[in-house]
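Asks: Okay, so TrEMBL annotates it like this:
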{"type": "REGION", "residues": "31-66", "note": "region 'Disordered'"}
{"type": "COMPBIAS", "residues": "37-48", "note": "compositional bias 'Polar residues'"}
{"type": "COMPBIAS", "residues": "50-66", "note": "compositional bias 'Low complexity'"}
{"type": "DOMAIN", "residues": "69-115", "note": "domain 'AN1-type'"}
């Protein structure tokens, strides 16, 4: 077809739009098919409506998730652009060299608890049998 990537994308979009327009035109030309419904189809349509509500709820949650995203190349505290000196904290944010310490950016990560859990995993408690030592 000898098209660059941009021209090909535009070509594909035009084909999709023309196919959608053609389908919409065919549906509007045959209104009798749209008006005839059966009782079993009404039950199915209620399921479809419930599915549509679920998809709108999931899309709204995805929208709220997108607004929370933070740039990975900016300090979370001062919004300063950081390059190779960026420090990722255990709380999940990226900080500059001034705010890299937990005290400077009011980190909510529990370092003490994480250390205790790590030590507990690495050093399990071993209890020997007390009766073997006695005579």
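Positions of Cβ are set from backbone N, Cα and C atoms, glycine also.
Since this is a predicted model, take the numbers as computed values, not measurements.
Walk me through where these features lie, including what they touch and how far apart they are.
Replies: Averaged across the domain 'AN1-type' (69-115), pLDDT for the predicted model comes to 86.
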Asks: Would you mind splitting the domain 'AN1-type' (69-115) into helix, strand and coil residue counts from DSSP?
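Replies: For the domain 'AN1-type' (69-115), the helix, strand and coil counts are 5 helix, 6 strand, 36 coil.
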